[in-house]
Amino acid sequence: SMDTSMSTLITFCSHTAAEEPEEPTAPSEEPQTELPQTEAPPSEASPARAVLGDLRVTSVTPSSVGLQWSVPEGPFDSFTLQYRDAQGQPQALPIEGVSRSVTVPGLSPSRRYRFHLYGLRRGKRVDHVSTEAVTAATEPEEPTLPSEEPKPELPQTEVLPSEAPPARAILGELKVSSVTPSSVGLQWSVPEGPFDSFTLQYRDAQGQPQALPIEGGSRSVTVPGLSPSRRYRFHLYGLRRGKRVERVSIDVTTGEGE
């Protein structure tokens, strides 16, 4: 039954984690190299190989980088994207195994970042690709981040029938799908749409505003780089023709640090 399968999976995952404390999910102080010891353990991997294609940059803003990749042979159970933030702190972003793209938020403008994408099978890293990207310079006359003051409900742009498309676009409730000490997974629905894109806004642990651009086809996002045991307020805006026409919000507290 499904209950038996789930309990078996949970037992297997916790058993694996208990046996391998030496493989942290966050990068060590030193940037990780090609990890030859975990890239090709044929005895432990599944019979078929899992291979990652090139990691490519698809978009760059002053505060984010979009990345995409292919999986010529697979599948992978999940991925982990690792990089260092502007303060040099290691960040690890968990990504679902079906994903082929990710947007990394909370970056600093005009800065070079090195991203490492690891493909995991059975809890082990079996392949690794890397790329570098430089964030865009800031454009002070047209900020992409929220103003110092949290934005109100924006009634002036929420009901503009003359400028909006004839059909309404409506956002469903913003829900929490996962919580860790350093990340929050969110999901939503679109009862009426579509939206051209979304923007997720929140303030980091230092109180700095962050804006994460999200593709219009997405219905979920994982927000990385958060601090443990801290309450965050997330605002999801739905955009049509460059205007915010809908908004939903939620408060989430991250997990406790180890």
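Our numbering is plain: 1 for the first residue shown, then up by one each step along the chain.
Glycine is treated like the rest: Cβ placed from N, Cα and C.
All annotation found in TrEMBL is predicted automatically rather than curated by experts.
Among the features that TrEMBL reports, compositional bias 'Polar residues' is placed at 1-14.
Marked as region 'Disordered' by TrEMBL: 1-48 (among others).
The compositional bias 'Low complexity' annotation in TrEMBL covers 25-48.
Secondary structure of the domain 'Fibronectin type-III' (51-141) per DSSP (helix as H, G, I; strand as E, B; remaining residues coil): 0 helix, 50 strand, 41 coil. Look at TrEMBL and you will find 51-141 (among others) tagged as domain 'Fibronectin type-III'.
Here TrEMBL flags 133-160 (among others) as region 'Disordered'.
Annotation comment: TrEMBL describes 170-257 (among others) as domain 'Fibronectin type-III'.
On the 0 to 100 pLDDT scale, the model's mean across the domain 'Fibronectin type-III' (170-257) is 90.
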